[in-house]
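Here is the structure we will look at, set down as C-alpha cells.
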C-alpha cells in the first residue's frame with residue numbers, strides 16, 4: 001500500500017512550492033517563511049504610537065512630577081533668594097544670590113546634552129535613578145549651609161548637575177508615546193514646572209518663615225524623594241519605530257543645517273529674558289507695594305500666580321500646538337512674552353497690575369520649553385530625540401546662568417530700588433529709571449529669540465498661515 005501511495009505523488013518539478021515535500025533542502029528554504037511570522041508589521045509612523053491609553057498617560061504623569069520637582073527649582077528660587085537677602089546674608093549683593101539660582105539652571109542645561117546622549121545609549125530609567133539619588137543628597141546636605149559658598153555648591157552647581165542627568169530624558173519621554181496629541185502630552189508634562197514651582201513657592205515660604213532654613217530643607221528633601229520614587233514607577237521607555245531601529249546613535253541630527261541653528265539660537269538668546277520676572281517678583285512686589293507686610297504671603301502671591309499660570313499655559317500651548325503648529329506657538333511665546341515685559345511690566349505700579357502681569361506673562365511667556373521637544377521632533381524626527389533636546393537645552397544654559405544676574409546688575413547699578421526713588425529727580429525718572437532698564441533688557445532678549453526662530457518656521461513651510 002505504501003508503494004501505491006507513492007505512485008500517486010506527482011513528480012517533484014510539477015509540484016508547487018507550497019506543497020511541503022519534507023526533503024531537507026526544501027525544509028531549509030520554507031521553514032523561516034512558514035514558521036516565523038513577521039516580527040514587525042509594516043506600519044506607518046502615525047500608527048506606531050499609542051497616542052493615548054492608561055500606560056501612555058501614566059508616563060506623562062511621571063514626567064509631570066519630575067518636571068514639577070526639579071526644573072521648577074529655578075522658578076521658585078525667588079522665595080529662597082528673598083530669605084537669604086533679608087535674613088541670612090543681608091550684606092551679600094542681590095546679583096550674587098541671583099547667580100546661585102542661575103547656576104543651578106546653567107549646570108542642569110549645560111550637562112543635559114551629554115546625559116541625553118547617554119540616556120539614548122544606556123537607557124532612560126537607569127540615568128533617571130542616578131539623578132534622583134544625587135539630587136536628594138544635594139538637597140539634604142544644603143540644609144546645613146552656613147555660608148554663601150555652601151549654597152553655591154549644594155543648591156547651585158551640584159544640584160544642577162544631578163538634575164541635569166535626567167532632565168532631557170523626561171522632557172523627551174512623552175514624544176515616544178504620542179503622535180497626533182504629542183503637543184498636548186508634552187505640554188502637560190512640562191506644565192508640571194509651573195504647577196510645581198507654584199506649590200514650592202507656597203510651601204517653602206511658609207516653612208522657611210516658621211522653621212528657618214535647616215528644617216525647611218530637610219522636609220523639602222524628603223518630600224521630593226517620596227515624589228521621585230512614585231514617578232520612577234510611572235515612567236516607561238518605549239522602543240523606536242521599526243524603521244529607526246539599528247541606526248547608529250548620533251550626537252546630532254543627520255543634517256545639521258540652518259533650521260537646527262535657527263532653533264538653537266532662538267533658545268540661546270530668548271532665555272536671557274525669561275526668568276527675570278520670576279527671580280525678582282518678591283522683591284519687586286515689596287518695593288512697589290510697601291504697605292504689604294514683608295513676611296506676609298501676599299508678597300509671594302504674584303510669584304505663585306505666575307507659576308500656576310505658567311503650568312496652565314504650557315498645557316494649553318501643547319493643545320494649541322496640535323491645532324496651529326508647534327513652531328508657530330514657539331514663536332508666539334517669545335514674541336508675546338517679550339512685549340508683555342517691555343510694555344505691561346514697565347507700567348505695573350500697583351498690586352493689581354502686578355497680578356495682571358503675572359497671569360499673562362506666566363501663561364504665555366513660558367510656552368517655548370514645553371514645545372521644544374515637539375518642535376525638534378517635527379523638524380528632526382524622534383530618532384535620538386533626547387540627545388537633540390539635550391543640545392537645545394545646552395543652548396539655553398548661558399542665559400539661565402547669566403540672564404537674571406544681568407538683570408540684577410542693572411537693578412543694582414540703578415540704585416537697587418524698583419521705584420527709582422533713590423536716584424530719581426522727577427516723576428518720569430521714578431516711573432522709568434529702573435523698571436524700564438530691566439524690562440527693556442529682558443523683554444528685548446525674548447524678542448530676539450522670536451526673530452531667530454523665523455528661519456526654521458519658513459524653512460519648514462513657506463506658507464504664511466501653514467500649521468507647522
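Think of each number as a place in line: the chain as shown, counted from 1.
A Cβ is built for glycine as well, from the same backbone N, Cα and C atoms used for every other residue.
TrEMBL labels come from automatic prediction, so no person has curated them.
The annotation domain 'Major facilitator superfamily (MFS) profile' is assigned in TrEMBL to 55-461. Taken from TrEMBL, the feature transmembrane segment covers 56-76, 96-115, 127-145, 151-171, 183-205, 217-235, 256-276, 296-317, 329-348, 354-380, 392-414, 434-456.
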Inset, instruction - Rank 151-171, 296-317, 329-348, 354-380 by Cβ pairs under 8 Å to the transmembrane segment (183-205) and hand me the top one. - result: 296-317
Legend entry - Integer average pLDDT (0 to 100) for the domain 'Major facilitator superfamily (MFS) profile' (55-461): 86
Legend entry - Contact yes or no, the transmembrane segment (96-115) and the transmembrane segment (151-171), 3+ Cβ pairs under 8 Å, gap 6+: yes
Legend entry - Folded-back contacts onto the transmembrane segment (151-171), same chain, C-beta under 8 angstroms, at least six residues removed: 62-63, 66-67, 70-71, 73, 80, 84, 99-101, 103-113, 115-116, 119, 124, 127-128, 130-132, 134-135, 137-139, 141-142, 145, 186, 189-190, 235, 372-373, 386-387, 389-390, 393
Legend entry - Other parts of the chain folded back onto the transmembrane segment (434-456), taken as Cβ under 8 Å at six or more residues beyond its ends: 258-259, 262-263, 265-274, 276-277, 280, 327, 330-331, 334-335, 337-343, 345-346, 365, 368, 375, 379, 399, 403, 406-407, 410-411, 414-415, 417-420
Legend entry - Interface check, the transmembrane segment (354-380) with the transmembrane segment (127-145), three or more C-beta pairs under 8 A: no
Inset, instruction - Look at every Cβ pair spanning the transmembrane segment (296-317) and the transmembrane segment (217-235), keep those 6 or more apart in sequence, and say whether at least 3 of them are under 8 Å. - result: no
Legend entry - Same-chain residues near the transmembrane segment (329-348), Cβ under 8 Å, at least 6 residues beyond its ends: 183, 266, 270, 273-274, 276-277, 288, 317, 320-321, 354, 356-357, 360-361, 364-368, 371-372, 375, 431-432, 435-436, 439-440, 442-447, 449-450, 453-454, 457
Inset, instruction - Report, as numbers and ranges, which residues of the same chain sit near the transmembrane segment (256-276): CB under 8 Å and 6 or more residues beyond its ends. - result: 74-75, 102, 105, 330, 334, 337-338, 341, 365-366, 368, 372, 375-376, 379-380, 391-393, 395-396, 398-400, 402-404, 406-407, 438, 441-446, 448-450, 452-456, 459-460
